[in-house]
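Read through the structure below, which is laid out as structure tokens, and then see the notes.
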Number of protein chains: 2
Amino acid sequence: MPLPELLDHLKKTAALSQVAGLISWDQEAMMPKAGAAQRAEQAGALASVIHARNADPRIGEWVHGIDQSQLSDFDRRNVNEAKRSYDRATKIPPRLAEESARASSEGQRIWAQARAEKKFAGFVPALKRNIALKREAAACLAEDGADLYDCLLDEYEPGAKSADLFPLLESLRPPLVALREKIAGKAKPTPLTGHFPADQQLALAKRIAARIGYDFDAGRIDTVVHPFCSGNGGDVRITTRTDEADPLNCLYSTIHEVGHALYAQGAPDPYLPAADYCSMGVHESQSRFWENQIARSRLFADWLFPAMKEAFSDMNLDGPDALFAAVNRVETGFIRTEADEVHYNLHILLRFELERELIAGGLEAQDLEEAWNQRFERDFGIAVPDASLGVLQDVHWSLGLFGYFPTYSLGNIYAACLDRAMLKDLPGRDDMVRMAETQPILDWMREKIHIRGRVLSAPALIEEATGEKPTAAPLVSYLEAKFGALYDI
Amino acid sequence: MPLPELLDHLKKTAALSQVAGLISWDQEAMMPKAGAAQRAEQAGALASVIHARNADPRIGEWVHGIDQSQLSDFDRRNVNEAKRSYDRATKIPPRLAEESARASSEGQRIWAQARAEKKFAGFVPALKRNIALKREAAACLAEDGADLYDCLLDEYEPGAKSADLFPLLESLRPPLVALREKIAGKAKPTPLTGHFPADQQLALAKRIAARIGYDFDAGRIDTVVHPFCSGNGGDVRITTRTDEADPLNCLYSTIHEVGHALYAQGAPDPYLPAADYCSMGVHESQSRFWENQIARSRLFADWLFPAMKEAFSDMNLDGPDALFAAVNRVETGFIRTEADEVHYNLHILLRFELERELIAGGLEAQDLEEAWNQRFERDFGIAVPDASLGVLQDVHWSLGLFGYFPTYSLGNIYAACLDRAMLKDLPGRDDMVRMAETQPILDWMREKIHIRGRVLSAPALIEEATGEKPTAAPLVSYLEAKFGALYDI
């Protein structure tokens with residue numbers, strides 16, 4: 001059986017992909033500015049090499065020559081993932097791949113300018129082009145009668161179908177809108193104010209990261225413009241940023257990235273595709289779980305408040321209750337990335353329904369701004385003042401990323417499912433969170449999610465971990481309970 | 001003509017080699033320790049890709065199909081360098097390349113242990129193996145009747161022949177031994193003592209680096225165990241280290257690496273082989289020139305002494321004369337990397353003659369320690385107390401690096417040749433050095449050396465820059481003048 005040859009090929013390709021990830025991290029965190037032109041050449045050359053390896057005709061032969069009935073679940077998944085990336089690499093013609101890469105890079109530039117000028121019209125041609133190219137790519141990948149949007153979604157959420165996802169996500173809208181409306185009439189809690197030196201923020205962020213299980217022997221933290229997590233196995237790096245007027249940005253973005261990092265550090269193998277993360281939705285569930293269910297809980301404030309008092313001499317809040325309220329302030333706003341837990345998924349639902357229609361053809365690019373503004377007002381009750389606060393706020397579509405947005409909400413849904421199941425399995429969890437002694441929480445996540453890799457589909461993995469098929473109910477209950485109590489509803 | 005295809009291929013390979021350099025920098029400067037195993041896989045996978053590109057049979061066809069008489073000198077060199085790396089990649093069988101890589105990595109481990117135990121015998125089998133493999137590789141590369149050692153030397157010093165190099169380097173021995181002996185009887189200057197905070201050292205090192213022309217927009221400085229310079233074009237990174245009892249190590253190692261970095265930042269193209277550095281000897285001439293001819297001069301002490309006074313409150317020396325004397329203390333010691341300018345080349349001559357004999361077969365590995373100790377005493381007048389201070393001190397041979405050592409002395413010889421010529425061309429140079437306003441010095445070096453790339457051989461480049469064939473005379477005069485004055489000889 002040609003399995004060893006195939007696995008060796010996959011392993012080397014994965015090692016090269018890790019290098020691609022590393023030079024991308026370096027570009028954001030370390031590279032001097034005059035290095036940009038060479039870095040683009042380097043990344044391009046490496047991407048060509050990786051593409052050629054993914055499209056290597058021997059993969060087709062190896063996969064064909066393997067008797068899958070003889071394989072473990074893990075190796076069957078390795079073979080299927082090899083086939084999946086081989087199909088992606090071979091079904092999309094080089095001309096289309098190159099044009100898409102160029103359209104993505106040019107699209108981002110044009111989008112940035114349009115956003116700065118607050119003029120959607122300037123972005124329309126680039127958006128049209130991205131949609132056309134993505135539809136073409138989806139058509140190359142589509143099996144008989146497959147939905148084009150699903151072919152794009154599949155890249156981020158393997159095997160997911162929007163026919164399942166749409167009702168799941170839509171079921172969030174009524175309760176979230178109701179909750180938003182109830183909160184809108186209530187008094188807002190006192191926000192955190194004071195002066196928070198950057199060094200102290202970073203020191204506290206590192207302390208929290210280590211405390212919740214981030215292994216600094218297998219990672220590092222640096223400062224960048226837009227925080228992210230990169231790498232896997234023994235080298236998983238996170239990044240953060242600081243604002244001396246607002247330490248919560250640094251602390252919670254660090255916790256979010258640590259959530260991703262714990263998943264990556266816990267992978268059962270750093271190279272094989274069956275050991276890779278299950279899906280973007282599951283990845284996001286890990287970051288959201290630590291950020292929201294754990295670190296924005298009233299219990300965690302019992303540990304975090306004194307830790308912040310120790311780190312910052314100038315801070316207006318007087319206790320854990322006030323901190324809990326401040327880190328959970330609800331405010332209707334225009335920007336997704338600044339949204340609270342009540343509003344966040346409404347931002348995603350808006351994008352998900354719009355991008356489905358864009359790919360299906362029911363909505364034309366030039367009509368997107370109007371559609372956005374109408375539906376935004378429907379869900380949020382306020383009118384979008386300009387495109388930079390509306391349809392132009394996110395980079396995704398300018399890069400050709402369609403099918404990515406719903407994974408954010410899937411992450412929130414899965415995080416709440418996992419949270420509910422874990423509470424049953426770990427009766428002492430409240431005390432663990434209150435004292436920030438969270439090792440058993442991490443151990444549970446390692447066993448249920450991290451070491452399972454990509455052997456199962458995301459819904460199957462969540463069902464295995466929780467004993468129930470994933471639904472939006474746990475997320476809705478969690479939000480209603482938390483914000484109901486906070487806002488006295 | 002297939003020139004554009006060839007150049008495009010070379011450019012992409014160079015971009016991948018830059019990535020290999022970057023991940024090696026990262027390994028020393030940034031990588032968390034648990035990343036080591038994956039990094040080895042990554043580096044190995046990337047090395048295979050680069051090797052396959054260098055051995056691509058199309059290179060042979062392209063080179064064959066190009067009419068060299070139609071080419072500029074620059075492109076002729078590109079073609080010849082492509083042929084040279086193609087020959088290296090194809091003439092050495094994969095089995096030998098793999099075995100050499102393994103022997104190198106195992107050799108280093110065995111060497112480190114033997115050095116720690118101060119037992120040369122423990123290293124002998126690994127050394128034997130490295131010598132045998134290098135002889136085998138050299139035999140694969142050798143054209144009719146070529147000297148095996150020269151085939152190894154050629155990798156570092158393209159086109160150099162040891163029949164020319166040996167007399168050139170040997171001509172240093174009598175005057176250096178004479179100088180060493182004269183100085184031995186003289187009183188030593190006061191060494192620098194005090195407490196020198198690491199942060200202040202780094203700040204001053206950066207100030208000096210920027211002052212002598214290092215472009216921080218195209219580079220960065222980090223701290224590592226063993227300083228080095230990495231990258232080229234728009235991304236040239238240097239590294240240093242600090243010892244709070246001795247700021248000279250940090251300052252002069254930084255200046256040394258800046259010398260390398262200026263050369264790399266000044267390359268006329270970041271990808272093409274004809275634009276690459278001329279040879280290791282010429283590279284070393286750039287680091288040595290800035291470190292020794294400029295920064296260890298009496299003139300530079302006029303600027304450096306007040307700068308150090310400003311940076312360090314606790315420092316024993318009372319003026320530029322004392323600083324000049326302290327940075328040029330001559331002391332007979334066992335370790336090459338700690339050697340002063342008078343002793344340094346004697347260390348190299350010893351290694352050069354021994355490694356030539358090892359490769360030629362006139363000296364057996366097991367007899368190396370005895371040969372080392374005898375010849376060391378001949379040149380240095382003191383007996384080696386143990387192998388860690390003698391034959392086991394350098395890592396090179398454990399890695400299979402034979403032919404590398406002489407390039408250090410070539411660097412010193414070339415630096416002195418360039419220094420002499422530059423003094424004629426720039427009558428105001430003394431004031432430039434005294435005020436550390438060295439832009440015209442860098443401009444001279446850019447024009448004469450940096451932008452010339454690899455179009456000429458090293459001796460031809462030095463002759464073009466200086467108007468004279470390179471000899472050891474300028475180095476000997478420079479050392480006799482400087483140390484003669486300092487030690488009142």
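Using the three backbone atoms N, Cα and C, a Cβ is placed for every residue, glycine included.
Those TrEMBL annotations? Automatic predictions, nothing curated.
Secondary structure at B:Glu257 (active site, proton donor/acceptor), as computed by DSSP, is helix. Per TrEMBL, the feature active site, proton donor/acceptor maps to B:Glu257.
Per TrEMBL, Zn(2+) binding site is recorded for B:His256, B:His260, B:Glu284. Packing around B:His256 (Zn(2+) binding site) is summarised by its Cβ count: 24 other Cβ atoms lie within 10 angstroms of its Cβ, all protein chains included.
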Number of Cβ atoms other than its own within 10 Å, given for B:His260 (Zn(2+) binding site): 22
Rounded inter-Cα distance in Å - B:Glu257 (active site, proton donor/acceptor), B:Glu284 (Zn(2+) binding site): 10
Chain-mates of B:His256, B:His260, B:Glu284 with C-beta within 8 Å of site centroid, Zn(2+): B:Cys229, B:Glu257, B:Gly259, B:His283, B:Gln286, B:Ser287, B:Arg288, B:Trp290, B:Glu291, B:Gly411
Number of Cβ atoms other than its own within 10 Å, given for B:Glu284 (Zn(2+) binding site): 25
